[in-house]
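Below is one structure, written out as structure tokens, with a few remarks after it.
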Amino acid sequence: MTKGKVLVGLSGGVDSTVTAVLLQKEGYEVEGVYMRLHDKPGYHEDNWGKVQKVADYLRIKVHFHDLSEAFNANVYEYFVESYKKGLTPNPCVMCNRTIKFGKMVEFADTLGIEFVATGHYLQCDGNYIYAAEDAGKDQSYFLSEVKKEVLPRLLFPLGTWIKDDVKAYAANIDVLKEFATQAESSEICFVENSYDEVLAKHMNIDMPGETVDTQGNVVGTHKGYMHYTIGKRRGFFVNGAHDPHFVIDIKPESNQIVVGTREKLEENAFEVKQINLFEDLVEFDCEVKVRYRTRAVPCHIKIEGERATVVLTEPVFGLAKEQVAAFYDGRRLLGGGVIC
């Protein structure tokens, strides 16, 4: 008797491949799905071939599911429009909420499949998400906006694995050896080299403008506001500057960037919108990560209406509007919100 049916998101990479192998060994009836999300040249032909190889090895059914229209509406356009507004979006978080753990779950429903799995490095007990054992690969941050209703259906077998062990496991299976040595995929799947190249397909991003200080005085020049994010310290000119200067604000309406020394980036409190919590909380203490690769900082959160105020016990640097703040209680993810 099987543990139930599970739909595994297969990308052609080692993580999703080993995920499918492990779940089958654990007694699940596995089906795979390859999700076509964008039109990156040559991307899908190669990966679909790898997915079919995995399906043949495991003798499982695999589906090719075109979600490019939904991805474009929920992720790609959000990415482009956010940069137009001088914001710094996190497309991976929105993709996880709307596509991988939104549309993929809906697709599982049409197939009569109870569980959904991916090769993400994190853990889930059906009620909460937890950080992975491999701290360097932990991806729990990116699921802070996933709807709590889907948590009981999610499986993440790599949450207790170390990345090197995953590669070694694949290398010991003759048919899957090539998966162990292939290059890691990029963080943002539709970006080939840099986000600038994506934006340049839709608008003119090379618009030289003024660099100003916090008092509004013109102190230099820059190459176009969409080239910058909060905290960036290169790519613009400041007259007579001896200390490093950083972007501390972006003004798209005037094509200006505001710069200052590092202490100007310091923030002790901020607000979030689009609050997503895995339990009913109104006012609570926890830790918050304001970017993926940052340390969690203790804080106090108070929710009022559709927004929450986050007061920090120590300052953070480089808060960027539209980035995601993920809330933790130790390794347990409580949810998150979008910085505003």
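Each Cβ is built from the backbone N, Cα and C atoms, and glycine gets one as well.
Model, not experiment: these values are computed from the prediction.
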Given Swiss-Prot annotates G9, L10, S11, G12, G13, V14, D15, S16, G119 as ATP-binding, which of M35, M94 belongs to that site as well?
M35
Integer Å distance between the CA atoms belonging to C189 (disulfide bond) and S11 (ATP binding site)
11
Lowest local Cβ density (other Cβ within 10 Å) among recorded positions: M35, C189
C189
Could you check what DSSP calls M35 (ATP binding site) once collapsed to helix, strand or coil?
strand
Just to confirm: which same-chain residues, 6+ apart in sequence, have a Cβ under 8 Å from the Cβ of D15 (ATP binding site)?
G119, H120, Y121, L158, V166
Which of G9, G13, all binding-site residues, has a Cβ with the fewest other Cβ atoms inside 10 Å
G13
